[in-house]
Amino acid sequence: MTETLAPLTGLRFSKGHGTGNDFVLLADPDGDRTLSPEQIAALCDRRRGLGGDGLIRAVRSRHVPEGVELLVENPTAEWFMDYNNGDGTRSEMCGNGVRVFVHFLINEGLVTLAPGEELTIGTRAGVKIVSRTDDGYRVDMGPWDFIHPEARGKGMDSLVETLGLPDERPAVSITMGNPHTVVALSDLDELAAANLHEAPSVTPVPPHGTNVEFAVPAQPLVTDDVGHISMRVHERGVGETLSCGTGACAAAAATRFWAGSDAPDVWSVTIPGGVVGVRFFPGEDGREHVELSGPAVIVADGVLA
Ligand SMILES: N[C@@H](CCC[C@H](N)C(=O)O)C(=O)O
């Protein structure tokens, strides 16, 4: 037990993952268990803690300032996903995390949700509607957009340099509520050659840092009206992970933009931890929304010694 974790003795936790993107989950319905960034990093430490790409605290929206704001327009958003990266920094959103979060709420008996039903969740990137499916969850992630307005015309706005790959590569920065920079690589050999032990260098880096996705369009790109890409990711506040849901949405959005107006609305994104689905559809707010679908698993419940 490290000194940082000692004050947390007796803390109940669960461990879960979505396509290998793994999280420590804590139920804190009344908002009386705020953790310091150091405690979060210690819990996520893979050798001295529980291990996780991130830590998710489930708290009623009325107990966090961002949640109170959301409740004004969305009174049904009872639960707030307080998402933190493994290094203790906060992120606005996590696409794999929000599926695992809802699965955790169900597992804890805090909500009931049958297949076909939906739940409104508060996050730092606004409310998200999560539907339970027969084999996982589907999330309306809201609209995507370019971070740098000049990318709207040409779909490229930055350069990325990465260990293991010769030359700087053109890239585009996209927001899914959290920031992403997507680089297209030519084939799976290049994807394997990228060394993501160190953060890729992005120029210009978006104002709040970025997650970097390396995407390889399949050949052929489209089969039966579904676009296919393979992807690896280096996450802000974590390092390389087996999967990133918001990153898969950003990579699909960039690849679809680059492919032109005939590109399909439905995409399958293969990451090292599995496969997630991405679909683009017109939202009720008049903007193009992104839907993410994939599995959610709880692997253990426990108590901190
Ligand atoms: N893996 C997540 C994204 C987690 C947050 C990210 N590291 C950030 O800092 O924005 C996902 O599945 O979306």
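Glycine is treated like the rest: Cβ placed from N, Cα and C.
Within 10 Å of the C-beta of G95 (substrate binding site) there are 29 other C-beta atoms, taking all protein chains into account. The substrate binding site annotation in TrEMBL covers N21, N85, G95, N96, N178, N211, E235, R236, G245, T246.
Sequence-distant neighbours of C94 (active site) (same chain, 6+ apart, CB under 8 A from its CB) are N21, G54, I56, M81, Y83, N178, G245, T246. Look at TrEMBL and you will find C94 tagged as active site.
Sequence annotations record features per position, and here TrEMBL assigns active site, proton donor to C94.
What TrEMBL records for C244 is active site, proton acceptor. Around the Cβ of C244 (active site, proton acceptor), the number of neighbouring Cβ atoms within 10 Å comes to 36. Look at C244 (active site, proton acceptor): DSSP puts it in coil.
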Three states by DSSP: which one describes C94 (active site)?
-> coil
Environment of N21, N85, G95, N96, N178, N211, E235, R236, G245, T246, the listed substrate site - residues of the same chain whose CB lies within 8 A of the CB centroid = G54, S91, M93, C94, G97, V233, V238, T241, C244, G247
Compute all pairwise C-alpha distances among N21, N85, G95, N96, N178, N211, E235, R236, G245, T246, the residues listed as binding substrate, and give the largest one in whole angstrom.
-> 16
Count the other Cβ atoms sitting within 10 Å of the Cβ of G245 (substrate binding site), across every protein chain shown.
-> 28
Would you kindly give the Cα-Cα distance separating C244 (active site, proton acceptor) and E235 (substrate binding site), rounded to the nearest Å?
-> 8
